[in-house]
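Features reported for this protein in TrEMBL:
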| type | residues | note |
| --- | --- | --- |
| TRANSMEM | 12-32 | transmembrane segment |
| TRANSMEM | 44-64 | transmembrane segment |
| TRANSMEM | 85-111 | transmembrane segment |
| TRANSMEM | 123-145 | transmembrane segment |
| TRANSMEM | 185-202 | transmembrane segment |
| TRANSMEM | 223-242 | transmembrane segment |
| TRANSMEM | 254-278 | transmembrane segment |
| TRANSMEM | 311-331 | transmembrane segment |
| TRANSMEM | 337-355 | transmembrane segment |
| TRANSMEM | 375-394 | transmembrane segment |
| TRANSMEM | 400-421 | transmembrane segment |
| TRANSMEM | 466-489 | transmembrane segment |
Amino acid sequence: MSSTKNIAKNSLFLYLRMFLNMGVSLFTAGVVLNTLGITDYGTYNIVGGFVSLFGFLNGSMSQATQRFLSYDLGKKDKIQIKKTFSTTVTIHFLIGLLIVLLLETIGLWYINNKLNLPKHRMYAVNIVFQFSVLTSFFSIIQVPYNALISAHEKFNVYAYISFLEILFKLIILYCLVIVQYDKLILYSSLLFISSFIIRMIYRIYCRKHLSESHYKYYFDSSYFKTMISFMGWNLFTNVAVVSKNQGVNLLLNAFYGTVINAAYGIAMQVQGIVLSFVSSFQNAVNPQIVKKYASGEISSSIKLMQQSAKFSFGLMLIIAFPILVSLENIFDIWLKHYPIQTLVFVKLTFINILIDTISNPLGFIVHASGKIKNYQIVLGILLFLNLPFSYLALKFLNVPYTVFIISICITFIALLCRIFFLKNLINLNISEFYKEVILPIIFLATIIIFIYIINSHLNIIITNKFSSIIFHSGSAFIIAIASCYITLLNQKEKQAIYKILEGKLKSLR
């Protein structure tokens, strides 16, 4: 099967999974917020976020695992795939133990002595913390199995298991509403149980269908050092990413308390839901970029990267723009009660991730090359700057949303750095990249901003909030699709769409 058909098929499965999860997540988030209350919701967000702060080791190794397995599959080296998988299982288990040790010492002390949490909820906080630690450990040791599924592009598995995830989410919601027990403790315990079961199902699938997943202790010191070296440089950037996200969450907690953490948590949840739309596409493309690079098809890999960057921005805009034009009405219906700062947090978050969606595909090629040292150092330093700048902004300006403005600026500078790194690494033609990717995106963004401003000043009053969302968001959705088609697609890409639609119409006759 051609790479294009593979990407299309994998994207379809991932989008099916994404739409199912997005629908249920939107429904459950509002109920969870109203059931827990703003304070407990903020408490859960800050405790869970703090635990994920220690997940930087896992994040760096996860990317390394995905890269090495995809690279070996591109080389069609079955023996090496087995060795890579077994090596990563051993490494992830050791990382899991290390993170548990850090959390149960430094983490436990920080939770009880430094975080700005309600004193009367400290017993519940510690229970939530322990469940979060267990969830983190099992997530870490599961990474090689999920990476193997992704490397084999078995994305239909994610779609099928999503049905079970949705069922668990609804069961958790039902229990949260009817069970008369501490809601915060109940919620964290049920999330751990469902997470554990899902991870075991993925593992069972791998053992039955992917022969490489049968663990056999293997140690090759040179190969182990290669992976650790790759992980080490990746680690630096992952620490920076975690500090950028959860470090800011801790700063907001120190300055403003759990109510602002609730607003930040809602913004991050909306970001996760919306970003999954683009991640589904990028996850389908990423293995193809790495495999083409590994097989020596560098020019094809670059072309696929450029298309991924351009289309990722368009896909993100198609879902973000309709939400933005009706944001307040959506939140009023969805959450009913929420911190007022949430609206501006979400708007600024969307700007940040629109820029970031362009950057991610560029990083895929850097990782495929394996030459990541200088790239990770520069990128890591840039991302680290987010935390001290955010602290200074909060201290002297005392405006919570300034942390998002700083993040947007740093994300934009990081994009420029990625472009120039690819110029040196693979001789990327910057003028061609500007013509094929950046210029169409600028035209598209200009159109959307102009329409957003006009919409904000139009005096179209629809008293029913649901009807207003249908009208404004529906119009924005159509405008976004039309604008993406006009500005992002070149003539060849438009002709390819014509052929696909023509074939579909013929099959219906």
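Cβ atoms here come from the backbone N, Cα and C positions, even for glycine.
The transmembrane segment (185-202) shares the most Cβ pairs under 8 Å with 123-145, out of the stretches 123-145, 223-242, 337-355, 375-394. Sequence-distant contacts of the transmembrane segment (254-278) (same chain, at least 6 residues past either end, Cβ-Cβ under 8 Å): 15, 18, 21-22, 25-26, 29, 33, 38-39, 41-46, 49, 116-118, 245, 248, 312, 315-316, 319-320, 323, 335, 338-342, 345-346, 349-350, 353, 357, 394, 398, 400.
At the 8 Å Cβ cutoff, the transmembrane segment (400-421) and the transmembrane segment (123-145) share fewer than 3 close pairs (sequence separation 6 or more) and do not count as touching. Taking Cβ pairs closer than 8 Å, the transmembrane segment (337-355) reaches residues 33-34, 38, 259-260, 262-264, 266-268, 270-271, 274-275, 313, 316-317, 320, 323-324, 327-328, 331, 400-401, 404-405, 407-408, 411-412, 415 in its own chain, all 6 or more past its ends. For the transmembrane segment (466-489), the list of distant contacts is 310-311, 313-314, 317-318, 321-326, 329-330, 333, 440-441, 443-444, 447-448, 451, 455, 460, 497: same-chain residues at least six beyond its ends, Cβ to Cβ under 8 Å. Listed as Cβ neighbours of the transmembrane segment (85-111) (distance under 8 Å, sequence separation of 6 or more from its ends, same chain) are residues 47, 50-51, 54-55, 57-58, 61, 64-65, 68-69, 117, 125-126, 129, 133, 136-137, 140-141, 143-144, 147-148, 212-213, 215-220, 223-224, 227-228, 231. Just going by CB pairs under 8 A, the stretch in 123-145, 311-331, 375-394 that sits most against the transmembrane segment (223-242) is 375-394. Only residues 6 or more beyond the boundaries of the transmembrane segment (311-331), in the same chain, are considered here, and those with a CB under 8 A from a CB of the stretch are 270, 274-275, 277-278, 281-282, 338, 342-343, 346-347, 350, 353-354, 357-358, 360-361, 441, 444-445, 448, 452, 455, 465-466, 468-469, 472-477, 479-481, 483-484, 488.
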